[in-house]
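Everything below concerns the one structure shown next.
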Amino acid sequence: MRRIGDAPVVRRLLIGAALVLSALFLLLPLVAIFAQAFSEGVMVFWANVSNTFTLHAIGLTLMIALLTIPVCLVFGVALAWLVTRFSFPGRRILQTLIDIPFAVSPVVAGLIYLLLYGRNGWIGTWLDGHDIQLMFAWPGILMVTIFVTCPFVARELIPLMQAQGSREEEAAVTLGASGWTTFRRVTLPNIRWALLYGVILTNARAVGEFGAVSVVSGAIRGQTNTLPLHLEQLYQDYNAVGAFACAALLAFIALLTLAAKAGLEWRAARREAFA
Amino acid sequence: MSQLATWRTGSTRVLPGFGLSMGISVLFISLVLLLPITGLFGQLAGLSFAEYWAIITEGRVVASYMVTIGAAAVAAIINAIFGLLLAWVLVRYEFPGKRLLDALMDLPFALPTAVAGITLATLYASSGWMGQLLEPLGFQVAYTWVGIALAMAFTSIPFVVRTVQPVLEDLPAEVDEAAMSLGATDGVAFRRVILPHIWPALVTGTGLAFVRSLGEFGAIIFIAGNMPYETEITALMIFVKLQEYDYAGASAIASVVLFVSLALLLAINVWQGRFVRRLHGGKG
């Protein structure tokens, strides 16, 4: 039976339009990043990447991502367990609240942290009295990064755990397994791929966050400059090739993220086909 | 009613971890998400209403609302059309490179916004690959609001594609077969049969894309040119006030942005809830 849009002309026209527009709109920018980064040769690219300030920015960015992931992981699993395994008043409100970071502009996210923990804020004044500085230092960058990335793991887990239901876990508990054993032996194997994808998304955003971080970082070269802030400075200093060298590193992480997603989806589809 | 019954007799009693997961979730949401917002209100409390009103209705700030909302609306409309086309092609047709195209759809989410920003600015500047082609034709993209809309459309396209795609996939083949066997043309059948099904998802996706565009910063500031009254977005106004150490001014403008985006998020959630309930006959 013929379906809507199956006529060869319509088909070709729509596929053609989709391919041309995607190539111009999505693929071309990706190609441009690497073309710019390597426009003066591999040696210049390498010199840009191995520059002391760039290396420091890479190190700081990786450290922030490594510290962010476990925090978001614990929160994401706890929240997903709570809203999919129990029914209680306020469950929907919790699910709406975790979307706040998606709706709040990154600049506003940075600002609210700066207002609270900065020198004029009510916590900041107290911290200042105890010689603790969070804003314009790496802890501030970490805090806003956690804010912007915290929904990812929970968002990946909730639909999956909802669909799987809690029968297997209930069986394990009824048979006498402890809560931790049930989680480790029953829940974790079921959710590990979604968990992994949540971590990959968290990492991608943590590594690339710009707006929120630029408000609280102070962007001191060699001290509080993450890779996205460093590339901005290079770009503003008319060192486009240097900026694009940093951009290429970040784009490479983005490509790994896309490949991981495609791989995990392919796995899931194959398992469904064999099930 | 049945849901209430399972709650009373079922899982809550059997599975452990209610207290622990509730404790972690509530503590985290309070400390990370809600507490910082109080800082904003603390700052605003120092302003009289007249001062607050003067800040948020200042000419340059109002111009930035216009630029942001206008460009975000254009970006959302472009994305609704382009996103629908992509979702349709990815669900309905088989062709070489389909898997790659599907993977490419997530690029704007995976790519850091600052990277997208400098790349789009370089591509569409008068010496860039696209700028060289477009400028002789009279289209200036970089440093105009067209560039702002372009950057917004780039960062938010996956919202529409990824919201519409699953709904199209779930549409049973009989739906179009019935329409086609009754002799409807492609266009009529699409409008009368497919569109009513995917309409809620399309609106949700477009709404999410619009909210995202309102708050976007990194991807836009490089291509915008940031001319006061002309190509300044509201997020940049907050940033500018902060650099002048005008915390009260930054907070006042931020409260407007925060209020609008939370209200839109809530509206989308309510809309989506209604649509899910309708599909699943009262549950959900």
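Cβ from N, Cα, C; glycine included.
In TrEMBL, annotation is done automatically, which means it is predicted and not curated.
Per TrEMBL, the features are as follows:
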TRANSMEM  A:12-38  transmembrane segment
DOMAIN    A:58-262  domain 'ABC transmembrane type-1'
TRANSMEM  A:58-84  transmembrane segment
TRANSMEM  A:96-116  transmembrane segment
TRANSMEM  A:136-154  transmembrane segment
TRANSMEM  A:194-220  transmembrane segment
TRANSMEM  A:240-260  transmembrane segment
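Only sequence-distant pairs (6 or more apart) were considered; of these, fewer than three Cβ pairs between the transmembrane segment (A:136-154) and the transmembrane segment (A:12-38) are under 8 A, so the stretches are not in contact. Within its own chain, the transmembrane segment (A:240-260) is flanked in space by residues 30, 33-34, 36-40, 44-45, 48-49, 51, 54, 57-58, 196-197, 200-201, 203-204, 207-208, 227-228, 230-232, 234, which lie at least six positions past its ends and keep a Cβ under 8 Å from the stretch. Among the listed stretches A:12-38, A:96-116, A:194-220, the one sharing the most Cβ pairs under 8 Å with the transmembrane segment (A:58-84) is A:194-220.
Residues of the same chain lying 6 or more positions beyond the ends of the transmembrane segment (A:194-220) and with a Cβ under 8 Å from any Cβ of it are 61-62, 64-65, 68-69, 72-73, 76-77, 105-107, 109-111, 113-114, 135-137, 140-141, 143-145, 147-149, 152-157, 160, 188, 226-229, 232-233, 250, 253-254, 257, 260-261, 264. Outside the transmembrane segment (A:12-38), and at least 6 residues removed from its termini, the chain residues within Cβ reach (under 8 Å) are 5, 45, 48, 240-241, 244-245, 247-248, 251, 255.
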